[in-house]
Amino acid sequence: MNEMKFLQHLKEKGFELTDEQQKQFAIYYETLVEWNEKINLTAVTEKEEVYLKHFFDSITPSFYFDFNKVKSICDVGAGAGFPSIPLKILYPHLEITIVDSLNKRINFLNHLSAELNLTNCHFVHDRAETFGKGEYRESFDVVTARAVARLSVLSELCLPLVKKGGHFIALKGAQGEIEVEEGLFAISILGGAVVENHPLTLPEEESMRYILDIEKKRQTPKKYPRKPGTPNKEPLLK
């Protein structure tokens, strides 16, 4: 997906990028490739692939969820900033917090946000399990995560951070439907309920994606998230 097709596909979905936003995505790509030579941020570096598999893919939740109605987003394990930085470019009013366990990635994100002239961005070096126990617990309108872990694990890392009435939006791959079935037990225990599971195919390569919208119906029990590593080793399964 070249830049023109990127803009065209977004326009078809009702998003017309300003010159400034287009420039931000161009700088994002250049900065990503430059830093990727020093630290491992992504295996995808070809320009057309980055625009499709990182930038466009990160924006897909906005086809189904109105981010104009929310203010704060927490992105768990965003790596090189996906999906929250592309969403921030699209919706400049958003206040985003990214939690990542690798300090090198946090350094990259700090540099990137300065290059893109982004404001109201916070980058936290922490494990999601620890972060979800502290002052930010149940404080975000939306929590996002993309391809970090299976949904049964991811729910324990993300739902504790969502305020009651807020949303956990997970970007999942081809196994999205199976993961939802497997994750229903964990989602319920953690205070969530599945609102929608939107299937879509990425343009050009036609690969399957699912955008999962989980609403936080009740507070998460205090025992969750469990200590670092436990959700992955012992997922909440029926």
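Each Cβ is built from the backbone N, Cα and C atoms, and glycine gets one as well.
Among ARG146, ARG150, only ARG146 appears in Swiss-Prot as part of the S-adenosyl-L-methionine site alongside GLY77, PHE82, ALA128, GLU129. Here the region 'Disordered' (216-238) has, by DSSP, the following mix of helix, strand and coil residues: 4 helix, 1 strand, 18 coil.
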